[in-house]
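Below: the structure, in structure tokens.
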Amino acid sequence: MSEIDLEDLPGVGATTAEKLREAGYGTVESVATATTSDLAEAAEIGEATAKKVILAARKMADIGGFKTGRDILDKRKDIKKLRTLVPEFDELVGGGLETQAITEVYGEFGSGKSQLVHQMAVNAQLPEELGGLGGGVIYVDTENTFRPERIEQMLNGLPEEAEIGEIEEVLERIHVARAHSSDHQMLLLETARELANDLRTSDYPVRLFVIDSLTSLFRSEYAGRGTLAPRQQKLNRHMHDLLKLIDDHNAVGLVTNQVMSNPGILFGDPTKPIGGNIVGHTATFRLYLRKSKGGKRVARLVDSPNLPEGEAAFMVEQAGLKPC
């Protein structure tokens, strides 16, 4: 990450830099990936000035141009994996959930989506050698599903060698915000950026961003086909804001999604996730969870840029996610 201060950018003085930081643009990289209109509004400057600042930031941060495949390979060496600690599940997703990528988990009610994100909120705090990321968590809760009691049960269910502190310490590293509308949900990502920047040099920098659930508020507020276009535009921006966040902090993006039935499918599973192509194209990995016999859950890897489709079974127990 760049060590350049915002004040080093041409046209950005102390006052403008402070306004940018308050709006969530705490790094040169975040300025470089901003839109002209957003930056102009945040810093209260003209769009022409904002454009110059963005171009300068892109040059100083060395982003925005073409890179060779080898450059991309070198960058991918920074990627970490967050494990579920269920061997079959981890094998399915290539060793764990990748940082700098959004993993979407969708399924019907009771399929285990919120159980998975609670488990990841615990596992993220484990040291890397034990499958974690040694970091904290930002958790945007849109359905009032976060339960600290569940975190405690999962903490107690970790392997004996996994020591990350008492429950109070673990909960202190999970920063939860309840979203009440789609606009509030989008605003919370801006607040999350500020918080993550503040924690960047702490013992537990943010390494996991959770949105549970991604689409529920958008779906309830934008009902009917006539509102589909504005809903998708907002959802698209929201997803890309999350992408910028996880890229800037080398973190995992983990979102849950609701489903609907597709009556046009006569054979096979008619269940499909909400959000259409916007969510489908922005999420790097897509996991479909469903209930199975004997209390089992099945995770199916539906989409990945580098992994084959496949399935893994697991159990949701009081102690957390466990192998079958």
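From the backbone N, Cα and C atoms, a Cβ is placed for every residue, glycine too.
Here Swiss-Prot flags Gly107, Glu108, Phe109, Gly110, Ser111, Gly112, Lys113, Ser114 as ATP binding site, drawing on sequence analysis.
Note: the ATP site is recorded as Gly107, Glu108, Phe109, Gly110, Ser111, Gly112, Lys113, Ser114; in the same chain, Gln115, Leu289, Lys291 also have Cβ atoms within 8 Å of that site's Cβ centroid. DSSP classifies Gly110 (ATP binding site) as coil under the three-state reduction. Within the same chain, residues at least 6 positions away in sequence whose Cβ sits under 8 Å from that of Ser114 (ATP binding site) are Thr145, Asp212, Thr256. Counting every protein chain shown, 25 other Cβ atoms lie within 10 Å of the Cβ of Lys113 (ATP binding site). Sequence-distant contacts of Ser111 (ATP binding site), defined by Cβ-Cβ distance under 8 angstroms and a gap of at least six in the same chain, are Leu289, Arg290, Lys291, Arg297.
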